Structure formats: C-alpha cells, structure tokens
Amino acid sequence: MNKPITASTYVRCLSLGLIRKLSDFIDPQEGWKKLAVAIKKPSGDDRYNQFHIRRFEALLQIGKSPTCELLFDWGTTNCTVGDLVDILVQNEFFAPASLLLPDAVPKNVNTLPSKVTVVAVQQKPKPLCGKDRTSVISDENPEQNYVLPDSSSPENTSLEFSDTRFHSFSFFELKDVTNNFDERPISVGGNKMGEGGFGVVYKGYVNNRTVAVKKLAAMVDISTEELKQQFDQEIKVMAKCQHENLVELLGFSSDGDDLCLVYVYMPNGSLLDRLSCLDGTPPLSWNMRCKIAQGAANGLSYLHENHHIHRDIKSANILLDEDFTAKISDFGLARASEKFAQTVMTSRIVGTTAYMAPEALRGEITPKSDIYSFGVVLLEIITGLPAVDEHREPQLLLDIKEEIEDEEKTIEDYVDRKMNDIDSTSIETMYSVASQCLHEKKNKRPDIKKVQQLLEEMTGS
C-alpha cells in the first residue's frame, strides 16, 4: 500500500499519476510560471531565473508539461509537500493544494475553478505528463477587461470595429493577395515572412501596395479565445495610437477560418534580423543603431503617454521601414490602465522570458517592465548578440551587466565588431542607460522620458 501523503512527504516521492493531476490544474494559463517564481532557495533568492523559465516554456514545443518538469526538478532539493502546498495556497491554487493536503486549504474557498470558459484549441500537442488541457480564462482586473462579441453571429462579424478607420478585408481577399497563404519562404518565391507565438506573417499585394498579412493561429498552449483577445486588443490599441514610431495597421479580416491583421510592409524586417545580418544583409552602423534606439524610445514614450503598457518589447517587435525608421509592433499583449502609475496584477503571465523584468514574472503589469525590456534591446544594439543563446556564456544577455559590474569584463569586450564606426564614448553612454533600465527594483529604473533624454544627449540631437 502507498503511504499516506503528509506535509513532510518529499515531492520527489509523489506518484507520477498525482503529479499529472496537479499539472492538469496548473498548466492552463501558464500557472506554472507563478509557481516557478514563488520557489526560493534556502538563502531566500529565487531558485529559477528567466533562463530556467524559458527552458520550462520550451518543453511545450515537444509536448511536455512544464509543471511536471518543474516539480521533478524542484523535487531534487528534498522539498516537501508542505512546502509545495504553502506556495499553492499563497497563489490561490486551492484545487491542486486540496489534492495533496485537504486540511491545508482554507475552509471558505471553493476548490473548483470558478468562472471557467472551456474553449477549443487548434493543433495543440498532447503533453507527455498530463491529459489534454483546456484553457481557463480568469477574471482579471474588471476595469481592464474588454468583452469580445460572439463572432459566430452575423451581426458581429466586424468585431465592433466598423467605426474605426481600418479597412475590413474578406478572408477570401487576403487568401488571394498572399497566393493562398503560400507557406514557402520569400527567399524561394513564396510569401511567408516569418512566424511568432500568435501567428504567421505573409507578404501580399493590395492595389499595387505591398502589405504584411498576419494570420493569427493557435500555437503551443494558446487557445482560440486568447487569440481572439489578441486580435481585439491589437485593433483597439492601433485605433487609439498612431505615431511615426509605431507600425501602421491598415485593416483586418474576421469573416473566415482565421483572424487576420494587415499592416504596412516593413522592407527592412526586424531589428533582431538586421542585428544578426539575416540573409546576408550588411551590419547596421553604430550611427544607424543610435537612430533606431531613439526611434524605439520615442514610440514607447508615446505608448506610455497614452496610458498603454506594451508588455512584449523586444528586438523582434521593432520593425524597420525603408529608411530604417524604428516601428514598434505587436500590441496584442498591450494593456491600458487609467491608473497608469500604479501596478496592476494579472493571473496571466505573458511576454518573452529573456526580456521580462522580475516583477513581470510575478504577474505585475507596470510601465517599468517595458523599461526593463528596452534595456535588454539596448544591449542587443550594442553587442549584436541575441537576448538568449543556450550555447553562450552567459546564456542570458542581460547577465553581462553582472560581469561588467564585477569588473570581470567591460562593455568594450562585448561591442559588436561588425560595426566600422564604433564610438566608445556613446557606446559607454548607451550601456549606462541600459544598465539603469535593467535595475532589479522597478522604482529605481528611469521612466521612458528620462531614457529619451539620455539617448538624445548621447547623440546631441
């Protein structure tokens, strides 16, 4: 017979079946991230940093459960069921906590998930440690929520955006202008430009104008309901925010098999691609990099002035037009906040882990998290290195800050040598700005206006 589970039972001694049951509760809506950031070392420091969380996240791509792998890993430290239940209760995971120690759950709470919306998902892999999962759409800050209309009813096919300046395309039109969403890369004569967590981008031609068509598609662990929310949010933000340094949305389609967004085409791709010299493009000069940094800061400043937090600032989301003018893109995760100076909490942790501020990993939504992410982008601009590389030491680019502060290296050791117009003084200045943006404590980071000022002083513009 199996021994009864007590608070002193080691997590590593739990049966695989029980761990699978726990993962069924914790995997949806990335609850495992909340669990991971709550786990501490005996010293009180975080056990898991951004890189660890990114690795757990990557397990979804091969059909594994992050919760299972997290518990397997943490279990090697001789943590107990009592330790686990404490964290579960603190984060209001009452149902899985009651599976382990029913008496540890407060008597006045319901251990069944409340306000659950079960939604269909497309192409969702089956986790190797758990059953097929449904997404739980949680009731976040009610002032922040925007209720989507029922897109299945004919009168709501425009998703209530008929009063915006955007053109409503038919799905058939977009299929036609993208050669039936030709999946072949542009380099071999197809239309596919790239893909991300929320869809695939295709090159198309509308009235002799080149456009970029993003067809939203449920990737790993993203439900169709979340996809609709991304679509809705992107249009809402774009309707309110127009600026030289924000990408321009031309229209959308919501009448077909997939939701689509149509943008002005950016011929020079993303900052990420140009820094890596993708497809043999020449390296960006230092002067050009400074211009791009200032443009991106201007775009972010406009968003913050208009009470929007982007939540996914990264080099892949900074696009470049024919003049290499920076255009911030991808507003599907953006949040509007009337109480902009205050921190808002969310049960849904989103963003790209290698760029995420410590508080963002805890579910806080604050403009200072955008500042932190922008600090990582500035390091990419200086070094030409990607934000994360598992074959590099340090693997996370933001960790070079520690090496420089410990005087093991200087920023000169990391400067991208592909540039032929290196200016040591302005590089030091940009690194100083990046370092301030990357302060662990959000209140110690500069606001975007200060960042703008420092970058302008750097170039004398």
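Easy rule for this one: first residue shown is 1, then count along the chain.
Keep in mind that glycine also has a Cβ here, set from the backbone N, Cα and C atoms.
Look at Swiss-Prot and you will find D312 tagged as active site, proton acceptor. Residues or ranges marked as ATP binding site by Swiss-Prot on the basis of sequence analysis: 193-201, K214, 314-317, D330. The domain 'Death' annotation in Swiss-Prot covers 20-104. Annotation comment: Swiss-Prot describes 187-455 as domain 'Protein kinase', evidence class sequence analysis. Sequence annotations record features per position, and here Swiss-Prot assigns N-acetylmethionine to M1. For K34, the entry in Swiss-Prot reads N6-acetyllysine, with the evidence type similarity to another entry. What Swiss-Prot lists as phosphothreonine is T343, T346, and the listing cites similarity to another entry. If you look up Swiss-Prot, you'll see S347 marked as phosphoserine.
Structure coloured by features recorded in Swiss-Prot.
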residue	record	DSSP class
K34	N6-acetyllysine	helix
M193	ATP binding site	strand
G199	ATP binding site	strand
D312	active site, proton acceptor	coil
D330	ATP binding site	coil
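D330 (ATP binding site) and D312 (active site, proton acceptor) have their C-alpha atoms 8 Å apart, to the nearest angstrom. The two recorded residues K314 (ATP binding site) and the residue listed as 'N6-acetyllysine' have their Cα atoms spaced 22 Å from each other. Cβ-based crowding with a 10 Å cutoff singles out D312 as the top-ranked of the recorded positions D312, D330. Long-range C-beta contacts of V201 (ATP binding site), restricted to its own chain and to partners at least six residues apart, with a cutoff below 8 Å, comprise K192, M193, G194, E195, A212, V213, K214, K215.
K34 (N6-acetyllysine) and G199 (ATP binding site) have their C-alpha atoms 25 Å apart, to the nearest angstrom. Helix first, then strand, then coil: DSSP counts for the domain 'Death' (20-104) stand at 61 helix, 3 strand, 21 coil. Per-residue pLDDT, averaged across the domain 'Protein kinase' (187-455), gives 89. You'll find the Cα of the residue listed as 'active site, proton acceptor' roughly 15 Å from the Cα of G199 (ATP binding site).
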